[in-house]
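Student: Sharing a structure below in structure tokens format, with a few things to ask.
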Amino acid sequence: MLACRKPGLRPPLLLLLPLLGPLGPCSPGTPAAAAPADDAAELEFFTERPLHLVSPAFLSFTIDANLATDPRFFTFLGSSKLRTLARGLAPAYLRFGGNKGDFLIFDPKKEPAFEERSYWLSQSNQDICKSGSIPSDVEEKLRLEWPFQEQVLLREQYQKKFTNSTYSRSSVDMLYTFASCSGLNLIFGVNALLRTTDMHWDSSNAQLLLDYCSSKNYNISWELGNEPNSFQRKAGIFINGRQLGEDFIEFRKLLGKSAFKNAKLYGPDIGQPRRNTVKMLKSFLKAGGEVIDSVTWHHYYVNGRIATKEDFLNPDILDTFISSVQKTLRIVEKIRPLKKVWLGETSSAFGGGAPFLSNTFAAGFMWLDKLGLSARMGIEVVMRQVLFGAGNYHLVDGNFEPLPDYWLSLLFKKLVGNKVLMASVKGPDRSKFRVYLHCTNTKHPRYKEGDLTLYALNLHNVTKHLELPHHLFNKQVDKYLIKPSGTDGLLSKSVQLNGQILKMVDEQTLPALTEKPLHPGSSLGMPPFSYGFFVIRNAKVAACI
């Protein structure tokens, strides 16, 4: 039974679908009173013990490797504002990877771009993590040129016609310094398409990169390749799962002979679990699964070119994620049952995101629901594509302004702990009124062990109210309700928290995320098409202590 499982173990796969529904006999405590009106929904909590323990870096994010196509734009990573925003989401992994990663070649003799050189010169004789930002004239020039470079990158992505590019020691330094100064753990994706004549992986360029990073005493984790299931389409090269597994074994041997002998290795960063991809994942895990530390796969809900606002609000589309997770977990549990599973790259829509959707308030429904389902089903880490970069699914735009999903991510980081519990809504509203429950993040100064964090999405076009279970009904609750700001409604690129617009105080200061205390016994009101967090204080839940 679910109630008898140890923390951190995945429940049997047959139980995963019912997790969205009523809990049945496992639910402890006295049921709450009957809902007083049609707009009220009664909650059931399962808090006897955690379903799972996710990583403290559960919510992580990426920088797409295509940023290195023109290394001048790596200089953006010197922005103090961008670093402040990244630091707000620590602890987290920063994955550097993507399709372009398999077309990048490290050239240790390559000179840094003028913009990179200008940045490093401006940082000399200073603490690089505390010093000033990019020289203003350099930053202004790059910002003006970025929209044109963005179109180049998106065109390459849409057409799946990639060309090789080289990157320098300076680019590696810029990436590592950004991660280190932001409190992030860097995961670097190495080119897997460099092949010998007999189609084995050519590790010579990876060796050059390892040698350089070793000389700098960098602490880096590694990946090899991105979505190898699509190598044929991207590069005209077919590699089967067995060969890929052998390539990972070779990479692990390479790491073992270097300063990175204890480094983590993740993979295979495979696409969604469809027919040929499933076949590849199975054979990879059999051949090389032993040498990886976690199994990584990718997920997107919809095609960014044709996605609609209705797609972003459709509970049936949100639910498609469940079967993808189940398929992946089933494969891993059968072949490599002790391996953790990570969502190594994910967002709302593939192809760079959906224009005027993936960077708006509406995208938050997909993002928050994916976080909730991932934690509930046993995914240890979720890496959001991207923090900053080309397309529409970024957390931070081209002017380093945080977008709605950034603020949602920041609230998640501050309020949600790594012990995953269970909540459900009674009645027929489950698919459009989606709820998730964790122990509260006790690093938040206002909260303590035993507190609960409920997060919820209201996909109804009317206000709904949540009623806490009877034994928690009179507890103090802090509300963090997120709504769009301005006249664009669901398509707004700014948000308000409890009625206050969220924006940075200055380039190095994030705003306070101020709660709204509710009167004990109050229902938890949620306006139409909104999402938010509710911290139940002094809940004294034993599983959270």
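Here, residue 1 is simply the first one shown, and the rest follow in order.
Placed from the backbone N, Cα and C atoms, the Cβ positions cover glycine too.
Reproduced below are the annotations present in Swiss-Prot:
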SIGNAL    1-37  signal peptide
BINDING   64-66, 160-164, 272-282, HIS298, ARG305, 350-352, 391-393  heparan sulfate group binding site
DISULFID  CYS129-CYS181  disulfide bond
CARBOHYD  ASN164  N-linked glycosylation site
CARBOHYD  ASN219  N-linked glycosylation site
ACT_SITE  GLU227  active site, proton donor
REGION    290-419  region 'Required for heterodimerization with the heparanase 8 kDa subunit'
ACT_SITE  GLU345  active site, nucleophile
DISULFID  CYS439-CYS544  disulfide bond
CARBOHYD  ASN461  N-linked glycosylation site
Student: Between CYS129 (disulfide bond) and ASP64 (heparan sulfate group binding site), find the distance joining the two CA atoms and give it rounded to the nearest Å.
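Tutor: Roughly 22 Å, rounded to the nearest whole number.
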Student: Hey, how far is ARG305 (heparan sulfate group binding site) from CYS439 (disulfide bond), Cα to Cα, in Å?
Tutor: 38
Student: How big is the Cα-to-Cα gap, in Å, between LYS161 (heparan sulfate group binding site) and CYS181 (disulfide bond)?
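Tutor: A Cα-Cα distance of 34 Å.
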Student: Given the recorded positions ASN219, GLN272, ASN276, which one has the fewest other C-beta atoms within 10 angstroms of its C-beta?
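Tutor: Minimum Cβ neighbour count within 10 Å, taken over the recorded positions ASN219, GLN272, ASN276, occurs at ASN276.
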Student: Drop a 10 Å sphere on every Cβ of the recorded positions ASP64, GLU227, GLU345 and tell me which sphere holds the fewest other Cβ atoms.
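Tutor: Comparing Cβ neighbours within 10 Å for the recorded positions ASP64, GLU227, GLU345, GLU227 has the fewest.
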Student: Can you tell me how the residues of the region 'Required for heterodimerization with the heparanase 8 kDa subunit' (290-419) break down into helix, strand and coil by DSSP?
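Tutor: Grouping H, G, I as helix and E, B as strand yields 54 helix, 31 strand, 45 coil.
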Student: Among the disulfide-bonded residues CYS181, CYS439, which residue has its Cβ surrounded by the fewest other Cβ atoms within 10 Å?
Tutor: CYS181
Student: If one looks at the chain holding MET280 (heparan sulfate group binding site), which residues at least 6 apart in sequence have a CB under 8 angstroms from its CB?
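Tutor: MET280 (heparan sulfate group binding site) has long-range Cβ partners PRO228, ASN229, ASN240, GLY241, LEU244, PRO268, ILE270.
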Student: Restricting to the same chain and to sequence separations of six or more, state which residues have a Cβ under 8 Å from that of GLY391 (heparan sulfate group binding site).
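Tutor: Listed in sequence order: GLU150, LEU153, LEU154, GLN157, GLY304, GLY351, GLY352, GLY353, SER358.
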Student: Taking DSSP three-state, what's ASN164 (N-linked glycosylation site) in: helix, strand or coil?
Tutor: coil
Student: Can you tell which of the recorded positions CYS181, ASN219, GLU345, CYS439, CYS544 lies nearest to GLN272 (heparan sulfate group binding site) in space, using Cα positions?
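Tutor: For GLN272 (heparan sulfate group binding site), the spatially nearest of the recorded positions is GLU345.
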Student: Could you state the whole-number distance in Å separating the C-alpha atoms of CYS181 (disulfide bond) and ASP64 (heparan sulfate group binding site)?
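Tutor: The Cα atom of CYS181 (disulfide bond) is 19 Å away from the Cα atom of ASP64 (heparan sulfate group binding site).
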